[in-house]
């Protein structure tokens, strides 16, 4: 049976591992997580993935962020209950997925040291320098406060009347009072020192990702750490190269009206693609994008539209003679295109003669308003 607990204003259900699963997870954790800090970094990484997911989905469905939620990660240690809670505002699994696939791993005895403030800070500082989301640590702390004796008794009475824990209200505890005789009551009021509980918030990853900072402020060591984190190549990087769309536009020919780009899984894949043959032949340039989000993020720059060379409707600069030759080719191969369309039937929308190829015989393009072929593969995965 699940145990109901309260986290903030929401009710949360906690499901425990079955005995045999608990033994298996204990074996896995002690075998693969020999470095104990990894478990916390795994949770932070998962939270970051959940935030990435809702950010990506909001690009095509802005209503995903209608609630106005800030994309963030909160870390809440509780030394009394020996729990470490991570809360993100992203998209995760359904309740059924959580029950089937997850459990409360952080309660294992070896991980209790990460309830300490310095341990959490050390891990986050070490691993989160390339996360673009704020990570906030919430700690319950105590401080002494001096108030009048009457006010202290009033707050203490209210606390007993409510009979519940309230983190926002001070916990009253006598730690001392002014010594004075009865004759001095009218001259000076008694005061008491109380211990007041409060929640201390601290943003842990104040160092922002290098791509959001001025290039002049970034050291070679930071570039090296970023390269290793991004590529999992623990050798030093060879060089650093900056790319800007401004530079691309400055080198465009006057006849070129659009910025060409291609998306793919790697630089080698897009560089050897049939789609870039004609663009390179015309001495134009193509922007290689190897991150899935790139195709969503960039639509226009400085009044020039960004055009994918893998979609239909690609218009390359042509003079009068080239246009004439293209019309002749279309007329010459019109019957062949009809035959291929009839043969392929519903597998393709149309078959046309293209001016985008040089050495390749054919290519398959996507419609103007659909996903690119690379994005379709990602969504199917």
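Here, residue 1 is simply the first one shown, and the rest follow in order.
Cβ coordinates come from backbone N, Cα and C, glycine included.
Swiss-Prot lists 46, 88, 107 with the feature ATP binding site, giving similarity to another entry as the kind of evidence. Cβ neighbour count for residue 88 (ATP binding site) (all protein chains, 10 Å cutoff from its Cβ): 22.
Annotation source Swiss-Prot lists region 'Disordered' at 145-192.
Residues or ranges marked as compositional bias 'Basic and acidic residues' by Swiss-Prot: 145-174.
Annotated phosphoserine per Swiss-Prot: 177, in sequence order.
Mean pLDDT of the predicted structure over the coiled coil (315-347): 89. The coiled coil annotation in Swiss-Prot covers 315-347 and rests on sequence analysis.
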Revision key, fill the gap. For residue 46 (ATP binding site), the same-chain residues 6+ apart in sequence with C-beta under 8 angstroms from its C-beta are none
**Study point:** DSSP three-state assignment for residue 88 (ATP binding site)
**Key:** strand
